[in-house]
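*Asks:* So TrEMBL lists the following for this protein:
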SIGNAL    1-26  signal peptide
DOMAIN    56-180  domain 'Corticotropin-releasing factor binding protein N-terminal'
DISULFID  Cys63-Cys84  disulfide bond
DISULFID  Cys107-Cys144  disulfide bond
DISULFID  Cys186-Cys208  disulfide bond
DOMAIN    188-309  domain 'Corticotropin-releasing factor binding protein C-terminal'
DISULFID  Cys239-Cys266  disulfide bond
DISULFID  Cys279-Cys320  disulfide bond
Amino acid sequence: MRVMERTFREQFFFLLLCLSVLKGDCRYIESNDIAKDELYSLLSSDLRREMPELLMYRRPLRCLDMVAVEGQFTFTAETPQLSCAAFFMAEPNELISVEFDSVDIDCSGGDFITMFDGWVMKGEKFPSSQDHPLPLYERYVNYCDSGAARKSVRSSQNVAMVFFRVHGAGSSFAVTVRKHVNPFPCNVISQSPEGSYTMVTPQQHRNCSFSIIYPVAIDISEFNLAHHSNFPKRSLPSCAESGDYVQLLGGSGIDTSKLLPITDLCISFTGPTHMKIGCDNTVVRMVSSGRFVSRVSFSYRLLDSQELQTIKLNNVEDFCFNN
């Protein structure tokens with residue numbers, strides 16, 4: 001039996017570590033940096049917004065970075081940096097705005113700063129083009145093309161990212177990151193390997209996904225379509241034909257259109273539906289026709305090593321170890 005490939009989540013953080021070591025940026029991988037991020041995140045969003053600009057959280061932005069707090073992050077190139085990306089993440093019920101400040105780059109010389117509405121990892125996008133409200137080309141905002149007209153850009157979900165490339169030493173820019181309440185969250189990447197969530201689509205024709213980038217045990221406690229039909233509960237064509245249903249998906253990437261279906265649910269029920277899914281990414285995806293108020297509630301927790309080993313040895317129980 002072959003050994004399961006390192007998960008894309010592990011690859012991402014391993015790449016971050018390797019790049020930092022190779023570039024001599026080990027000074028950034030310090031516990032006090034993490035502690036400050038965590039301490040600042042404990043402050044409520046309302047309190048942080050009331051703080052004067054002088055008290056705004058600030059730190060340097062790295063060529064490859066992950067940011068989960070509000071604040072101002074400044075990048076200054078010591079050498080040419082041709083392939084950089086910063087990933088931003090908020091709570092499930094929040095949106096992210098990114099404002100460009102003090103930009104000093106050479107757009108005519110090939111430099112650029114581009115915000116993407118979502119995440120791109122290993123060529124895959126979250127949310128997928130099927131689930132995002134905007135066409136793909138509108139999800140990219142290039143500072144060099146828009147300039148002062150689009151100094152601030154807001155995401156459609158709780159994740160966003162910035163790609164950038166600068167050729168000259170001393171080139172710099174700053175981004176100010178703020179979080180905003182989203183009354184109807186749709187498309188979420190979970191920050192945590194455990195928790196609970198209720199996803200609601202208020203009579204809108206859209207698809208919403210909740211992505212858990214961990215192998216998890218998941219319990220769906222309620223699924224309500226606000227109507228009663230005799231559709232089958234498990235994966236049959238009539239679920240998709242109904243136009244309103246919930247999918248459980250699994251796989252190793254972040255694009256939900258490329259994940260493998262585990263099961264479909266298309267009748268209302270109350271009571272636990274329990275599954276253990278040993279995939280790098282587990283997704284609860286709600287497809288809505290807009291005719292009904294759809295609601296699904298679920299909880300999830302990280303699988304321990306013994307549970308993962310059991311799943312790995314049982315080919316019937318989980319396909320993620322065989323693909």
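Indices start at 1 and increase along the chain as displayed.
Cβ from N, Cα, C; glycine included.
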*Asks:* Between the Cα atoms of Cys239 (disulfide bond) and Cys208 (disulfide bond), what distance do you get, rounded to the nearest Å?
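*Replies:* About 16 Å separate the Cα atoms of these two residues.
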*Asks:* Can you tell which of Cys144, Cys186, Cys279 has the most other C-beta atoms within 10 Å, given these are the disulfide-bonded residues?
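*Replies:* Checking each of Cys144, Cys186, Cys279, the winner is Cys279.
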*Asks:* Which residues, sitting 6 or more apart from Cys208 (disulfide bond) on the same chain, put a CB under 8 Å from its CB?
*Replies:* Asp131, Pro185, Cys186, Asn187, Met199, Thr201, Arg285, Met286, Ser288
*Asks:* Can you tell which of Cys84, Cys107, Cys266 has the least company, meaning the fewest other C-beta atoms within 10 angstroms of its C-beta, among these disulfide-bonded residues?
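*Replies:* Checked Cys84, Cys107, Cys266; of these disulfide-bonded residues, fewest Cβ neighbours within 10 Å: Cys107.
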*Asks:* Please count the residues of the domain 'Corticotropin-releasing factor binding protein C-terminal' (188-309) that DSSP assigns to helix (H, G, I), strand (E, B) and coil.
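*Replies:* Going through the domain 'Corticotropin-releasing factor binding protein C-terminal' (188-309) residue by residue, I get 14 helix, 64 strand, 44 coil.
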*Asks:* Could you give the Cα-Cα distance between Cys84 (disulfide bond) and Cys107 (disulfide bond), in whole Å?
*Replies:* 16
*Asks:* For Cys279 (disulfide bond), which of the disulfide-bonded residues Cys63, Cys107, Cys144, Cys266 has the nearest Cα in space?
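*Replies:* Comparing Cα positions, the closest of these disulfide-bonded residues turns out to be Cys266.
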